[in-house]
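Features of the protein shown, as given by Swiss-Prot:
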BINDING   134-184  ATP binding site
BINDING   D251, E267  Mg(2+) 1 binding site
BINDING   E267, N269  Mg(2+) 2 binding site
DOMAIN    107-300  domain 'ATP-grasp'
Amino acid sequence: MGMSSRTNPKVAVLMGGPSAEREVSLVSGRECAAALRGEGFEVVELDAGSDLCDRLRASAPDVVFNALHGRWGEDGCVQGLLEWLRIPYTSSGVLASALAMDKERSKEAYRAAGLPVAASQLADRAAIEAAHVMQPPYVVKPYNEGSSVGVYIVTEAANGPPVLAPDLPATLMVEEYVPGRELSTTVLGDRALNVTDIITDGWYDYHAKYSPGGSRHVIPADLPPEIFELCLDYALRAHKALGCRGLSRTDFRWDESRGAAGLFLLETNTQPGMTPTSLAPEQALAAGMSFGQLCAWMVEDASCDR
């Protein structure tokens, strides 16, 4: 089922929501709504709350542009609601969204597709705080959040295991830390667009991602041709392995000292940041597609049964 054939379809842009990434989603949603209006679409902005079903029925959009980030908006929940209401929507469907959001399950899919991932395990927070569950350096993070929310890096020089914030879940992912460069590739439809080298003063955390001057993006990344092509290949294969649709962004770490063997896939984001200076729109722009054109493409690509 595709979107309405109306020449000026009505688009509901979902944003905000209750997740830890609410503020980022509000920025993405407002930028996308403005861009879609500029492309001639009729737009209604919806801050997703417990009354979302009623508000969707009342606004009666032809298509939903999903600009939600994090849990509930990116993990298959809102996608299931939209399938039930039979409203065409952007980006990935229920299964791909749920799979990509679960870092452990997505790693199983990557391994099955022959994609390289860092060693990892799930562990109880009590065990993580009691002793090193992996030889440092390693990373501790929620297995079902994005935007580097709740991420801890335990260095080789650490005197002991980390003391975790009390609001983190009881089960967390512990992952081998891969030194080196942070790289990212966007997939649009069936094409991997480019590779961005993300340069920061330290870890690419929430602050570096969303604060002005927190990071610098080099596009195209200055990489050996083999590594550049591997990023494109791995991102497209990850997109397909998870069953993604529309737009996705896959992030990597590359340890230059190990050559091609040092490139590891971190995760695939089915709802990447959507402001004109976000990674995915930057790569689309480098491919000749403006931010407005990217948003319009996503609306035109929308469907149910994704």
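Every residue gets a Cβ built from N, Cα and C, even glycine.
Everything Swiss-Prot records as a feature, shown here on the structure.
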residue	record	Cβ contacts under 8 Å, 6 or more apart
M134	ATP binding site	A119, Q121, V174, E176
T155	ATP binding site	P136, P137
P162	ATP binding site	I128, E129, V140, Y152, V154
P169	ATP binding site	R125, P142, N144
L183	ATP binding site	V195, T196, D197, I198, A221, L223, C231, D251, F252, R253, W254
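Counting every protein chain shown, 24 other Cβ atoms lie within 10 Å of the Cβ of N269 (Mg(2+) 2 binding site). Cα of N269 (Mg(2+) 2 binding site) to Cα of K141 (ATP binding site): a span of 16 Å. In this structure, the C-alpha atom of K141 (ATP binding site) lies 12 angstrom from that of E267 (Mg(2+) 1 binding site). M134 (ATP binding site) carries neither a helix nor a strand DSSP state and counts as coil. Take the CB of D251 (Mg(2+) 1 binding site) and look out to 10 A: across all protein chains shown you find 22 other CB atoms. Counting Cβ atoms from all protein chains shown, E176 (ATP binding site) has 17 others lying within 10 Å of its own Cβ.
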